[in-house]
Every structure is written in structure tokens, then in C-alpha cells.
Amino acid sequence: MLSMVIQISVNSHDCTTIGTDFVTRRAAAARQSFRMSKYKVFVMRHGEGAWTKENRFCSWVDQRLSEDGVKEALACGHLLKEAGYHLDVVFTSLLSRSIHTAWLLLEAMGQEWVPVVRTWRLNERHYGALIGLNRAEMALNHGEEQVKQWRRSYDLTPPPIDESHPYFLEIYNDRRYSTCDVSKEDLPKSESLKDVLERLQPYWDGTIVPEIKQGKLVLISGHGNSCRALLKHLEGISDADIVNVTLPTGTPILIELDENFRPTKPMQLLGDQKAIQAAIRKVEDQGKVKQRA
Ligand SMILES: O=C(O)[C@@H](COP(=O)(O)O)OP(=O)(O)O
């Protein structure tokens, strides 16, 4: 039996302030509306990436999963299998950590045949010139609040990447980006969360929603910020509240929607709730000068 508890964001000091307040309002709204769930969709951030250990902004750099990330992806698959879910299609970004998570999850579920569809529109937010930098060092040099704003604010765009950046050529010469529905020149050089939602929403509306409407159970294996953008859209999270939403790696989030694609209940992070809270704290701590023990 899964223990499913409503959560949005956990911050060791005040997590439960805005996060819980938001959840409470959402729960009250859902109770009042008496809307019936018609659709379910899973949104999840991939398993831990290799650069997480080094605390570097990874973004469009194609790092693999860490050993722990592989374990997380497999554990997600086991969790969904035990809960009896049968997936019909999985959407990923063009980045290996998102694709490998989908493969491992499907393998653990014994559902390897399920189609995996890749799109750059689910890529992680483009962190521009911040790519490759260490978050704790950035917090030391620019302050923790500035780093939090760069990481979590809705409409702040970091400085763009340019040709002098050590990862510029690796990203823009990569063959995968010649397969996109926009030219290489038009791919982002830096993005706010708002920009991510703007490039993701047409894909959600035009490609993913029609699948869900056909009755298919969809799982999105995305990234911390591409998933935050989608959750903001689906859950109607305000520009102010999204700052306090942090997603752990390798944790499926179940969203139930009515016939008009409005949420009927608060989103649910599935799995061991204490472990999920610890995982969220770990991600938040990455932006601090000193990490908590
Ligand atoms: O780009 C990255 O390093 C992380 C998010 O970083 P933060 O926004 O948490 O700093 O993305 P992901 O690991 O989900 O692909």
C-alpha cells in the first residue's frame, strides 16, 4: 500500500509555510468544486544526475545519471508497478538523464515496449552562462538570495551563454539539436522559468494532451525546472508561489485532472514521505554556501 501524502515544497525552516498554505487552499478549492477526476498523468524529475554530486548547474549539458540516479529510476519503476499502473507513452527531453530514467523505469515495470517520445521542449531550463558553475561557490560570491532567485524565480533570466563559454560548442554542435522543430539559431541561449513554460506549453497542448484525451496513461520524465513549469501551468501555481516549489529527483508526481484539464485534487508525490522531504531539502541546500548535514 502506497503512502501518498500531499506535498508541494519542503524547506527545512519554513517549508510548510507557503507550500502548505498553498496546498490547503488547493485542497479546499478541490473539495468545493466536487469535480470528478477524468485523467491521470505522471510528471517526474529524472534520477540524480552525475553533476549533482559536484553541485554544478547542468542544464543542457548531457550528463548521465549517477549510480544513485540509476537506483532512483529503478525504484520509481518498482513503485509504479506495485501500485498496478500500466503506462501507455512516456515523454522525455533530448537529454540522456531524462531518457535513461524512462528506460530504467519501464524496465523495472516490465513495460519496455511502451513508446518513449523525445522532445527538446522538455529539456531542462537553459541556465545560460551559469552552466557548469558550482552553486555553493556562486552563493559565496553572489549571495544565497541571488542564487535562489536565479534558480527559482519565475521570470528572471540568467546571463546568456556565448561562444566563449566552455560548453557552448558541445551543446550547439550536438546533432540532436538539428532534429528540433526550430532552427539551431533559434534555440535558447538562456531561459527563465517563464520562457520554459512558453516553449513547453504548445507541446503539452498539441502533443501530450491529445494522447491523454485518448485515455492513455502518460508519464513525463523531465527535469527539475521543465517539470516545475508544467506543474505551474497544471496546478495554477502563482508566480510568487512557484519560487517555493522544489522538486526532488526520481519521484513520480501524480496529477489528477477533470475533463477540462483542471486539477481535481492536490498533486501527490509518491513514495516514502520522509525520504521525499529529505530529498527536497538536499536540492534546496545546493544553493547554500554550506550544505546542512
Ligand atoms: O540544471 C540543473 O543542474 C538541474 C536543476 O538545477 P536547479 O534548478 O535545481 O539549480 O536540472 P536537472 O538536474 O533536473 O536536469
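These residue numbers are counts, starting from 1, taken along the chain as shown.
Positions of Cβ are set from backbone N, Cα and C atoms, glycine also.
Listed features, source TrEMBL:
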type	residues	note
ACT_SITE	HIS46	active site, tele-phosphohistidine intermediate
BINDING	ARG97, GLU124, ARG125, HIS126, TYR127, ARG151, ARG152, GLY224, ASN225	substrate binding site
ACT_SITE	GLU124	active site, proton donor/acceptor
SITE	HIS223	site 'Transition state stabilizer'
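The structure, with features from TrEMBL marked on it.
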residue : record                                          : Cβ within 10 Å
HIS46   : active site, tele-phosphohistidine intermediate : 30
ARG97   : substrate binding site                          : 28
GLU124  : active site, proton donor/acceptor              : 26
ARG125  : substrate binding site                          : 27
TYR127  : substrate binding site                          : 24
ARG152  : substrate binding site                          : 20
HIS223  : site 'Transition state stabilizer'              : 28
ASN225  : substrate binding site                          : 23
Running the recorded positions ARG97, TYR127, HIS223, ASN225 through a 10 angstrom C-alpha radius around HIS46 (active site, tele-phosphohistidine intermediate) leaves ARG97, HIS223
Greatest Cα separation in angstrom, residues ARG97, GLU124, ARG125, HIS126, TYR127, ARG151, ARG152, GLY224, ASN225 binding substrate per the record, works out to 21
The answer for which recorded positions (GLU124, ARG125, ARG152, HIS223) have a CB under 6 A from ligand 1 is GLU124, HIS223
Here the Cα-Cα span from ARG152 (substrate binding site) to HIS223 (site 'Transition state stabilizer'), rounded to a whole number of angstrom, reaches 13
Candidates GLU124, ARG125, TYR127 (recorded positions) passing the 10 Å Cα cutoff around HIS223 (site 'Transition state stabilizer') are GLU124, ARG125
ARG97 (substrate binding site) falls, by DSSP collapsed to helix, strand or coil, into helix
Cα of ASN225 (substrate binding site) to Cα of GLU124 (active site, proton donor/acceptor), in Å and rounded, measures 6
